[in-house]
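Trainee: If you scroll down you'll find the structure; I have some questions about it.
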């Protein structure tokens with residue numbers, strides 16, 4: 001994606017003010033289909049201007065959560081507020097403040113790229129404000145997502161990568177205050193992926209757009225997120241900034257050793273210190289010492305593995321700590 | 001923003017969408033070809049009867065059948081066409097995109113209406129031009145009853161589009177929609193008096209078809225285009241104009257009310273997961 005530098009807008013990202021109303025506030029969100037609980041009481045909060053990544057294996061409930069927030073589906077119970085409004089009761093003016101990046105398939109195949117973008121853009125015109133003019137300029141937007149050359153091409157003739165860029169353009173054409181991206185880079189090649197990440201960072205940095213992104217890819221989450229929430233088995237099992245989350249999940253090292261032929265194991269935040277004391281006390285009686293720190297990646301992969309073997313609840317419980325920042 | 005500006009905006013965006021899609025149809029060889037074939041197939045069927053006279057009316061069988069063919073094109077487009085487009089576009093994500101836009105569903109539905117109007121107009125014009133070139137008496141009929149026919153077209157579409165939309169909400173995908181609708185539609189055309197006089201049908205069939213918009217639209221078109229010598233072949237020997245207007249208006253109003261409820265319910269259930277599901281199913285069939 002040839003990302004151009006034209007997404008600036010006059011107003012700066014607002015300064016941090018913790019008492020400000022969050023962009024998204026979810027409490028006790030539950031979703032049940034028949035007897036199957038997809039979401040078991042999800043709590044999450046997205047601050048204004050923040051990039052929050054909802055990380056979790058396929059089937060963890062990410063898409064369901066996002067679609068409830070987008071107002072695309074109802075919920076079984078729980079309190080949900082998106083830009084101060086319950087999505088079940090969101091009107092068109094509320095809708096105009098949101099951006100949704102959908103994965104297109106073959107809709108609007110006969111429309112030309114610029115034509116379609118201009119048609120969608122016009123829907124936002126009545127909802128512009130002085131500080132957030134709507135919609136964006138279509139030609140600038142085409143340049144931003146690197147589709148200038150395809151402006152007059154039929155949507156149906158675009159390559160997969162070009163089409164996804166058009167999806168992103170459609171999602172941000174209304175200059176949203178809050179942007180939802182559900183698995184946005186699925187099927188991207190590495191270059192498209194890198195360019196897409198740069199675009200997300202620019203939207204968040206220069207425009208102060210609040211972004212809620214879902215992914216099952218830990219690398220992507222670490223790269224983009226101000227904060228990561230891990231969703232597993234229908235609940236948030238861990239959360240924090242990428243660094244804090246890593247530290248939090250690494251905090252219990254597993255120490256294994258053999259003392260006089262007897263195997264021992266313990267979990268401690270300070271594996272090295274524990275090992276030192278062990279040697280001080282028992283000296284050469286200690287054998288087979290192992291100190292293992294399951295990192296964020298390891299914990300996450302274990303969770304994915306359990307998930308894929310159909311043991312979602314166990315996967316949720318496999319996260320060593322449930323503390324949330 | 002006031003409700004008026006919002007309505008004006010919806011109408012403008014819908015008109016833009018309808019026109020663009022119609023232009024897309026004209027530009028696409030396949031779709032234009034099938035529209036032409038569909039319209040002219042029935043003209044071709046009656047073409048072979050152009051030298052036969054219908055009973056002792058003095059009107060050729062072909063000319064007498066033309067208003068019925070126009071009615072059939074209207075009902076086919078308004079009903080089967082609308083239902084198919086709606087299920088197709090729910091399946092391919094068009095509707096979900098509309099849902100993500102402010103005022104998107106309204107502009108989509110109005111756009112679809114405009115598109116179906118243009119689409120139907122194209123079919124009717126094709127049938128009439130072919131009729132004018134091939135059959136005697138069509139020019140006279142149009143000269144006399146042109147405006148009346150235009151009125152019937154508008155009323156007929158108003159009656160059929162909502163039913164098409166209702167049917168469109170009933171099917172999961174366009175393949176089952178067209179499969180389930182074509183056979184009953186074909187059956188209906190045989191018994192509804194559009195291809196042969198309804199007075200040739202048994203009494204119970206005559207009663208039955210008077211519940212369908214197709215019968216009344218066909219009657220209205222014949223009233224507009226055919227001379228009164230043809231009345232002998234109609235139920236009660238009358239064009240029954242007030243009844244025609246009444247029944248079609250009733251269908252239009254009732255259909256519109258029900259369509260609004262069902263469309264609202266349908267668009268509520270459109271989301272990414274249902275889209276993925278239908279995409280998967282479609283891929284398996286391809």
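Cβ atoms here come from the backbone N, Cα and C positions, even for glycine.
In TrEMBL, annotation is done automatically, which means it is predicted and not curated.
Quick caveat, the model's predicted, so the values are computed rather than measured.
According to TrEMBL, the protein has these features:
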DOMAIN    B:30-266  domain 'ABC transmembrane type-2'
TRANSMEM  B:32-49  transmembrane segment
TRANSMEM  B:69-88  transmembrane segment
TRANSMEM  B:109-135  transmembrane segment
TRANSMEM  B:150-171  transmembrane segment
TRANSMEM  B:183-202  transmembrane segment
TRANSMEM  B:245-263  transmembrane segment
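Thinking about packing and proximity, how do these listed features fit into the structure?
Mentor: Here the transmembrane segment (B:32-49) has long-range neighbours at 25-26, 60-62, 65-66, 69, 72-73, 76, 119, 122-123, 126-127, 130-131, 134, 195, meaning same-chain residues at least 6 beyond its ends whose C-beta is under 8 angstroms from one of its own.
Proximity of distant same-chain residues to the transmembrane segment (B:69-88), defined by a Cβ-Cβ separation under 8 Å and at least 6 residues beyond the stretch ends, is recorded for 38-39, 42-43, 46, 94, 112, 115-116, 119-120, 123-124, 127-128, 149, 153, 156-157, 159-161, 163-165, 167-174, 177-178, 181-182, 185, 189, 194-195, 213-214, 217-218, 220-221.
Nonlocal intrachain contacts for the transmembrane segment (B:109-135), taken as residues 6+ away from its ends with a CB within less than 8 angstroms of a stretch CB, comprise 10-11, 13-19, 21-22, 25, 35-36, 38-40, 42-43, 47, 50, 60, 62-63, 66, 69-70, 73-74, 76-78, 81-82, 85-86, 142, 153, 157, 161, 164-165, 263.
When Cβ-Cβ distances below 8 Å are used as the criterion, the transmembrane segment (B:245-263) is approached by residues 109, 155-156, 158-163, 165-166, 169, 210, 213, 216-217, 220 of the same chain, each at least six residues removed from its ends.
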Trainee: Counting only residues 6 or more past its boundaries, what in the same chain has a CB within less than 8 Å of a CB in the transmembrane segment (B:150-171)?
Mentor: 70-71, 74-75, 77-87, 90, 109, 113, 116-117, 120-121, 124, 177, 180-181, 213, 217, 220-221, 224, 245, 248-249, 251-252, 255-256, 258-259, 262-263, 265-266
